[in-house]
Amino acid sequence: MSLNSTAFSHPPYFLLIGIPGLEKEQFWIAFPFCIMYVMAVLGNMTLLLIIKAEPSLHEPMYLFLAMLAFTDLVLSTSTLPKMLGIFWLGSGEIGFLSCLAQLFFIHTFSSVESGVLMAMALDRYIAICHPLRHSSILSVPVVAALGSLVLVRGVLLVSPFCFLLHRMPFCQHHVISHSYCEHMAVVKLACGDTRVNVIYGLFVAFIVTGSDTILIIVSYTMILRVVMRLSSTEARLKAFSTCASHISVILAFYVPALFTFLTHRFGQSIPPHIHIMVANLYLLVPPMLNPIVYGVRTKNLWDRVV
């Protein structure tokens, strides 16, 4: 294929239709979405500012929390402003390269969020199971290295999505049945052989969520064994309370993520509007919930707010 034909095989833009089957209701759906987005931005910005301003919070738990807040800001901001434009103004057009950029940020920072949640589970495990060695094992340079590693992993694993899609011919197909440029939603428009895209997408999903969830489960299994051996009921309750907030955040992220991933590949019987609605909430609910859950559950942070 020549350079010219490759260039012309890309549509100049894609058309995002929003939520298939709910086009008339989208205008009103946008209002709660907008409120959730504003809460996510304000909450995560507040968390970042408090952690930055307070030297006593420059320890592993809060540094990971700052990474999570930054990731949530990128995730929600890479989708919501455009989504509100579709719902309120009907401006569904998105340039080909802009679409690939949005896809890159969504999938890279979803991977980063998963990695940060795994790092936070590791932090809880060391804090509860090896409290005397916590500060020596998880020093600030180690925390920074873990955060950098998680970011580099996301960039390296997601970049091939964009390169593969850039080389695909799209013929005349340019209408995306989604509210944002999600990898599989764009792959379905390509008129070439997409097996490599599909297989690589599965590989990345299993590498990221598989390794992270296994480490999270192992960490919490070890934590549970230590907590159950504690003689004091008060100490047990305190340990459970510390972990409960993290587990609720993990579930809020992974459950809709797995639902959207599996629905794209195997859920043909699930109505498109339900699938897309869950996919939208997956990028909105965790960023909105995380500051609330951690702000309320973490006394040190709550003291700074009030």
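Keep in mind that glycine also has a Cβ here, set from the backbone N, Cα and C atoms.
For reference, TrEMBL has these:
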type: TRANSMEM; residues: 27-50; note: transmembrane segment
type: DOMAIN; residues: 43-294; note: domain 'G-protein coupled receptors family 1 profile'
type: TRANSMEM; residues: 62-88; note: transmembrane segment
type: TRANSMEM; residues: 94-116; note: transmembrane segment
type: TRANSMEM; residues: 137-158; note: transmembrane segment
type: TRANSMEM; residues: 198-227; note: transmembrane segment
type: TRANSMEM; residues: 239-262; note: transmembrane segment
type: TRANSMEM; residues: 274-296; note: transmembrane segment
So what's near the transmembrane segment (137-158) in sequence-distant terms, Cβ-Cβ under 8 Å and 6+ beyond its ends?
58, 60, 63-64, 67, 104, 107-112, 115-116, 118-119, 123, 126, 130, 204, 207-208
By a Cβ-Cβ criterion of under 8 Å, what residues six or more beyond either terminus of the transmembrane segment (62-88) are in contact with it?
16-18, 26-27, 29-30, 33-34, 37, 40-41, 43-45, 47-48, 51-52, 94, 102, 105-106, 109-110, 112-113, 116-117, 119-120, 123, 140, 143-144, 147, 150, 179-180, 280, 283-284, 286-287, 290-291, 294, 298, 300-301
For the domain 'G-protein coupled receptors family 1 profile' (43-294), what is the mean per-residue pLDDT, to the nearest integer?
87
